[in-house]
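**Q** As listed in TrEMBL for this protein:
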- 40-507: domain 'Amino acid permease/ SLC12A' (DOMAIN)
- 42-62: transmembrane segment (TRANSMEM)
- 68-87: transmembrane segment (TRANSMEM)
- 120-139: transmembrane segment (TRANSMEM)
- 151-174: transmembrane segment (TRANSMEM)
- 186-215: transmembrane segment (TRANSMEM)
- 235-253: transmembrane segment (TRANSMEM)
- 274-295: transmembrane segment (TRANSMEM)
- 378-398: transmembrane segment (TRANSMEM)
- 404-433: transmembrane segment (TRANSMEM)
- 453-472: transmembrane segment (TRANSMEM)
- 484-503: transmembrane segment (TRANSMEM)
Amino acid sequence: MSTPDVEKKADGRSSPELEAGEHLFDNADGLQRRLNNRQIQLIAIGGSIGTALFVSIGNGLARGGPGSLLLAYLIYPCVLALVNNSIAEMTTYMPVSGGFIRLAGHWADDALGFMAGWNFFFYEALLIPFEISALNLVISFWNEKVTDPGPTAGICIAVIACYAALNLLAVRGYGEAEFWLSGGKVILLFILFFFTFITMVGGNPSGHAYGFYYWQNPGAFKEYISTGRLGRFEGFLACLWNAGFAVVGPEYISMVSAEAKRPRIYIKTAFKTIYFRFALFFFGSALCVGIVLPWNNENLQAVASGESGSATAAASPYVMAMSNLGITVLPDIVNALMLTSIFSAGNTYTYCATRSLYGLALEGRAPRILRKTWSNGVPFYCFLVVMIFPLLSFLQVGSASAEVIVWFSTLITGGGIINFLVMNITYICFYRACKAQGFDRNRLPYKGWFQPYGAYFALCFQTCVALFYGYGSFKPEWNVTTFFQSYTMQIVAPILFIGWKLLKKTRWVRPHEADLTWEAPTIDRYESQFTHDPPGFWTEMGWLVGYKRSKMHPDD
């Protein structure tokens, strides 16, 4: 094993040139930049597509109806696009290990970095058993006995073993696996989009062109908790909370930036395309789900309520719709692709949890031993800690898969919103530092629009979401379980922040004191070694199948 150490790496060589395959100047720590352009772009896509778009989105439909769902998936992605606008500017300039976690500690407050790191770590680590639970639920489409204790335990063991094997490989192996798995996600989404369009215009066994029938019967806006206008508004809020769990993406690009080749080019492209992905994937999915299935479908309502043993034959609203239309074969194909999609999401969460813990260790916010990496750049001890969390998936053995999924998704949504709050706060501090030090933002690889107003708006909006996300625990009467599911992360985060601040006596970084140089020289030196133009995404795709591979540069 090797321990990352800046001084140890500066071995006296004055030239920044590297030999092929050498990674001495990749980072100021033990991670290695091996992810190429096509891998990064597919990882960026795959990070934003998971169980939520195929299974959990049905919970929003069941509680708010198609109209509320579509509005929520229009509004929330626009807010998150503002967050992306902020984190893209910082990350493309400073693509460091630990991503936005370490940026928060250096440009805002060390206590904020501590809180952000542990919040993101637990958020990602708890998503792993969530995905394993969802995997088991989807497999039950073919045989409901899979949800029995024995088969459930067997599936958990097999999936955990696969995650371990993939994450012990060098990051290039992880990137290649995610490239193919994420490609399957994109194919699945387009299959579902085409399924929606073809069936709604009459291309189904009954020949009925149902169009937007379910928007009229049972209706576009469902009452939730209360009745009347208040109930319909609460239905919209339930959809907004659902979108808060489902709509993600910028944080994953930030985390892989430290292991990306040519990060100021490839990572910039990944951030810029996220706006298009928000519009296509999330808005399109919300529209399609509301078209193909009514919110009063019995199986849909049963899954949303987490009833024991309910709807195990078809957890996805799309599969429910196919069953209603009498369509065969296609549900098997969709479920098979959904399995690869859910597996991929869990694999990504394992990777991000490992790297976030490593970033904490680099800054002294986690035990020093966690800084150690294998020669292939994998933070081995961090990986061992992360692999404890998938064991929580064995909770399914004593409870229905659907119930476990609802519990996990409710618990961790607050943590996801806190991640975005940290990004907004960090950007505001970064922006003020640039102004105070006369740092020209036009020099940056990516300059965000509408700043700093976009960051302020996103901060206010998502603060409201974090505070009111669990209001349902107070209605119609106090529910202790629901309260702690909804507010655990919101309660823990301030405790982490205040505790570290008191322990270490940290203070907010003043704008004129912020280190805007930091690891920039290391990154500049790394990128200066390339003497040829970077290959585009489609060029690398051509190399993959052998097209013009002879023109491939050794560094690529």
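Note that Cβ sites are derived from N, Cα and C of the backbone, with glycine treated the same way.
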**Q** Should the transmembrane segment (274-295) and the transmembrane segment (235-253) be scored as in contact, given a threshold of at least 3 Cβ pairs under 8 Å and pairs 6 or more apart?
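**A** Stretch pair touches.
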**Q** Rank 42-62, 120-139, 378-398, 484-503 by Cβ pairs under 8 Å to the transmembrane segment (235-253) and hand me the top one.
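**A** When the Cβ pairs under 8 Å are tallied, 42-62 comes out ahead.
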**Q** Tell me, roughly as an integer, the mean pLDDT over the domain 'Amino acid permease/ SLC12A' (40-507).
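**A** The answer is 86, the mean pLDDT of the model over that range.
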**Q** Please give the sequence-distant neighbours of the transmembrane segment (42-62): residues at least 6 beyond its ends with Cβ less than 8 Å from one of its Cβ atoms.
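**A** Residues 35, 68-69, 72, 130-131, 134, 137-138, 175, 178-179, 181-183, 185-186, 188-189, 222, 238-239, 242-243, 245-249, 251-253, 256, 270, 273-274, 277-278, 281-282, 285-286, 289-290, 293, 295, 297, 300-301, 303-304, 315-318, 320, 338, 341-342, 344-345, 348, 405-406, 409 contact the transmembrane segment (42-62) from elsewhere in the chain.
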**Q** Report the listed stretch (120-139, 378-398, 484-503) having the maximum count of Cβ pairs within less than 8 Å of the transmembrane segment (453-472).
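**A** So the stretch in question is 484-503.
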**Q** Please identify the stretch among 68-87, 120-139, 378-398 with the greatest number of Cβ pairs below 8 Å relative to the transmembrane segment (484-503).
**A** 120-139
